[in-house]
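A.B. asks: According to TrEMBL, the feature transmembrane segment maps to 6-31, 67-86, 98-117, 137-158, 164-184, 191-222.
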Amino acid sequence: MNENLFASFAAPTILGLPAAVLIILFPPLLVPTSKHLINNRLITTQQWLIQLTSKQMMTMHNTKGRTWSLMLVSLIIFIATTNLLGLLPHSFTPTTQLSMNLAMAIPLWAGTVVMGFRFKTKNALAHFLPQGTPTPLIPMLIIIETISLFIQPMALAVRLTANITAGHLLMHLIGSATLALSTISLPSTLIIFTILILLTVLEVAVALIQAYVFTLLVSLYLHDNT
C-alpha cells in the first residue's frame, strides 16, 4: 500500500511524459468486436446489453434526440470500463480527475443547450421565468435559473468524481487496516478482510451505476432541449 493516501490519484508518467492519454484510450480496446456472421456468446451478450441500455435511454426521446444514441452508448461504455479498470491493483482511474469529467460534461451539456435554443427557443427561454412569477421577483428568478443552468455540468462532473474517489479512499483505508491488523489479531483481520471484499463488490456496482447515472442525466438534459 502507498503511504500517501492520495498517491493513487496522481496522474502517472512514463519517462517523465504523462501517460493519462494512453490510459484513457485503453478501455475502448477491451470492447470486443466481430465481423463474423454468427457471433460468440461474449459478443452476443455485449450486443444485448447495449441494445437494452440504448432502448431504455432512447425511449423518451424524439427523432432529433435519438440521433445522440451512438454517443450516449459510447459514453456509458467508456465510463463503465474506465471505472472498472480503476479497481484493479496498481491502476489509475481517469474518472477520479475532475478535469477529465468536466471535459466530458461541459461539451455534452453545451450541445444539449445549443440544441434547445436552436429548435425550442421559446421553451428554452421559458425555463428562466416560470409562469405566474410576481414582477418584483423576475430579476432574481432569472439570475437563479441562469446560475442553475450553468451549474449542471459542474454537478455532473463533481458527482462522478466524488463517488469514485470516495470509494477508492475507503478501500485504501480498509486495505491498510487489514495489513496493520494481520500481525496483531487474526480474527480481526478476517473480519476486516471480509468487509473489504464486500466493499469491493459494492464498488463494482457503484462503477456501473455512476456510468449509468452520468449518461442518464445527459440524456435527460437532451430530452429537455429537443
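The backbone N, Cα and C atoms fix where each Cβ goes, and this holds for glycine too.
All annotation found in TrEMBL is predicted automatically rather than curated by experts.
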A.B. asks: If you count every Cβ pair below 8 Å, which range out of 67-86, 137-158, 191-222 shares the most with the transmembrane segment (164-184)?
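C.D. replies: The stretch with the most contacts is 191-222.
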A.B. asks: Which sequence positions outside the transmembrane segment (137-158), separated from its termini by at least 6 residues, show Cβ-Cβ distances below 8 Å to it?
C.D. replies: 98, 101-102, 104-106, 108-110, 113, 127-130, 214, 217-218, 221
